[in-house]
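Marked as transmembrane segment by TrEMBL: 131-152, 172-192, 262-284, 304-320, 327-351, 377-396, 408-428, 448-475, 496-520, 558-580, 586-603, 623-643 (among others). The domain 'K+ potassium transporter integral membrane' annotation in TrEMBL covers 134-625. The feature domain 'K+ potassium transporter C-terminal' is assigned by TrEMBL to 637-894.
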Amino acid sequence: MVSTRDRLKQTKEKLVSPLAIHRRPNSKKNDDLEMNDSDDRLTILEMTVFDQTSIVGELVEELHLVKASASVTRRGRSRKKGVIEVNGDDDFVKIDSDSNKNKLGRQQRKRRTQLFRVIAMFEWKSEYIQVLLLAYQSFGVVYGDLSISPLYVFKSTFSGKLKHYLTEDTVFGVFSLIFWTFTLVPLFKYVFIVLSADDNGEGGTFALYSLLCRHAKLSLLPNQQAADEELSAYYNQGHVNRHVGASQLKIFLEKHKILKTCLLVMVLFGACMVIGDGVLTPAISVLSSISGLQVRWENMPNEVVVVIACVVLVGLFALQHCGTHKVAFVFAPIVIIWLLTIASIGIYNIITWNPRILRAFSPYYIYKFFRVTGKDGWISLGGILLCITGTEAMFADLGHFTSLSVRIAFSSLVYPCLVLQYLGQAAFITKNFSAVPISFYASIPKPVFWPVFVVASLASIVASQAVISATFSIVKQCHALGCFPRVKVVHTSRWIYGQIYIPEINWILMVLCLAITIGFQDTTIIGNAYGIASMTVMFVTTWLMSLVIIFVWQKTILFALIFLIFFGYIEGGYLSSSYLKVPQGGWVPVVFSIVFMIVMYVWHYGTRRKYLFDLQNKVSMKWILTLGPSLGIVRVPGIGLIYTELVTGVPAIFSHFVTNLPAFHQVLVFVCVKSVPLPSVSEDERYLIGRIGPKSYRMYRCIVRYGYKDVSRNDENFENNLVMSIADFIQLEAEDRGSLDGSSEGRMAVARTSGRFHMWLVMSEASNSNSEINEETSAGAARSSKSDTLDNLRTLYEQETPKGSQRKRVKFEIPEADYLDHEVKEELQELIEAKESGLAYVMGHSYIKARRNSSFVKKFVIDVAYSFLRKNCRGPAVALNIPHISLIEVGMIYYV
């Protein structure tokens, strides 16, 4: 039996919210259904859903008729007078109320039964509509790259010695290879299997690696904690039991660090190939579409086509900072129109040129193809594999959609349209062997050539945009793993999660893309490089999926081996063929990957050595305790935030600071911003708060946890959330409840910024209420004894700061409550006073040096390469958006 309350709550979440819900301005946030204890009446807040006279509205009106004696109970409790229950099997409404039996007759009960059936129907329809809407949107983001492959597949396939075998059977064999490759890899591997291996809705190689790191101890991130495993999204529900015994293979991998390093290198190598895709996809897409001009104007020089392509590419990269959300709504229609157009052209070519091409569906023609062409046919696989380039985007962009929506979009439109296009283009080639280099545009009927050319150009831009955005995401994820230098990450949309822009990477991609376009000027050579990059990423996904099948899905090793051997054999054949074309342009992604891998390795190695130095030289707690509550220094008003990568202990930077300047703030907070192997961490679980030393020391530790897709920035809410989290921890500690983890330094607990302990907040922007702000500023200055010069500098800084970057002033007050302990109240009051006096950020300005007895390679990596990267990347204060006027940097030399 399902209670009415639960049924209506599910209905509101699944049915009403996707349409349009308008709350009254003063309505509460979580008051969907509410029980009024005073009159025991079930009340439902007013909802406006497009048509207020709909059947759902009638149901709401009917339920208002249930009065005094109606109360909603959950399943399993004893039935009270006035229980309303709904049988989920036959939707029969049963009313157990003596007072209501006379009022509600048989017709009313029948009416309610019908209304609940309508609700169930609406639930199904709303979910169906939402899935279809996501499927529609996925065309513009996921399938742009895959859908433009017909522009260059046949040209690249017949570019080598295979052009000497141009017969009808050879073309049939090429199409048969395209069809079965397109069926086995994108359809069977990705749609049916890989899309099920999502990491809390996220996809891509980093999602697979994150799953493996959580279900087997394969992570190389240095500051992991057992408390991270208590995050609600840490384990995928439905895939694995948290207490399943480790297999022998799992134990073997966990014991050998070299194997964990190889796994990380493989993931990063795949990431480097994705970055290579970000260079090659715009070049080959735009150049292929613009080259259609030479079909109508045969005398047009190739240099003119290259110049036009470069202009388009410069405009594409120059507009990246504006974000894609403003024009993204036209991406899906462009790709859909493109798919329908090329499918129509394919059908036309089949009927017009060679209907016998339908025989090529038989895999027998693959056998005939290799029997005739031999080694040359195997080499030509490097061109055929271009038909599946862009397949990885189905999994990599899963976080913006759902697996069902991506499956529906591919199976219903992308797959049949592309098969029809390849089939029609092959039919055209069987009767026009000389037109192979321009087979796509040559097969277009002349009356519709220019409209198709325009749509092709727009589709190539959409495909390029999707790959560029994916490159930004990959770089962000590499940085979260500590394997990429700090770069500026800009959110281009306030409403769409995950849309980011990285200026440094954008301009590097543009320069490399223009260099490739101008240097090669031929889509065949670019296609050789493009195939290597795309197939390498898919090959890495296959290996990672085989491990996910074992460790995450808990399937047998035999099942994983079947998956690995079957798809690895197919992709390995294509990959071996593509690597034979390294001299003909295939060296480009290899060189790119090597360069980016060196950058990633150097940064990861230097960062890890620095962390180990901090770990070995942290300050002992005995030294802290011998100093007493004042720590042997002058405690001045305010909060001091000391940034460190350590999750335990006191960093050496603190002792270095107080030794040279024996004064510090009355409240000390050691802040550690770290990444966890999760896509994102909810705000309620982000802050892990603990205490260092006795209460009188007023020293806390705050561990801020981010996922690999979260953007870690010290925005205007960080300071307020930090204070709220510490206040929540103080209250929890006093009540001795919650998940407090005992340790030598103190106890840790997950503190919620929303607050189990409620503090009153009065928020006002810095630009408003000048009189109040001046009063608060003067009061704070009096308390902290700050000089007038410092106050004037701070005021000038706030005036010169752009309005969009100004931080809100927040006033904290303690509620007058009898349940608060005196010591708790005193500590909270001191925390509030310290917050009003101001915050100072203390960060280390480190210099990393290799020891004298280090090898030459280590000295080069640390003293030259790592030092160069640190000097030319964003500083930690800039990356975290820390205000410069509140920043204190402490110089430290690390001998690693």
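Cβ coordinates come from backbone N, Cα and C, glycine included.
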Pairs 6 or more apart in sequence, C-beta under 8 angstroms, 3 or more of them: is that satisfied by the transmembrane segment (586-603) and the transmembrane segment (448-475)? no
Return yes if the transmembrane segment (377-396) and the transmembrane segment (623-643) have at least 3 CB pairs under 8 Å (sequence gap of 6 or more), otherwise no. no
Surrounding residues of the transmembrane segment (623-643) on its own chain - C-beta under 8 Å, 6+ positions past either end: 650-651, 653-655, 658, 662-673, 692-694, 696-699, 722-723, 783-785, 831, 833-835, 837-844, 876, 880
Among 448-475, 496-520, 558-580, which stretch has the most Cβ pairs under 8 Å to the transmembrane segment (172-192)? 558-580
Across the whole of the domain 'K+ potassium transporter C-terminal' (637-894), what does the mean pLDDT come to? Round it, please. 75
Leading contact stretch, 131-152, 408-428, 448-475 vs the transmembrane segment (304-320) - CB distance under 8 Å: 448-475
Taking 3+ C-beta pairs under 8 angstroms (sequence gap of 6 or more) as contact, is the transmembrane segment (408-428) in contact with the transmembrane segment (131-152)? yes
Counting Cβ pairs closer than 8 Å to the transmembrane segment (327-351), the top stretch among 131-152, 448-475, 496-520 is 131-152
Should anything in the same chain at least six residues away from the transmembrane segment (131-152) have a Cβ under 8 Å from its Cβ atoms, list it; otherwise answer none. 186, 281, 284-285, 288-289, 328, 330-336, 338-339, 342, 386-391, 393-394, 397, 400-402, 404-406, 408-410, 412-414, 417-418, 421-422, 425, 440, 456, 459-460, 462-467, 469, 523-524, 527
Same-chain residues at least 6 beyond the ends of the transmembrane segment (496-520) whose Cβ lies under 8 Å from its Cβ atoms: 278-280, 282-283, 286-287, 306, 309-310, 313-314, 317-318, 320-321, 323-325, 328, 399-400, 468-469, 471-473, 475-476, 487-490, 526, 529, 585, 588, 592, 709, 711
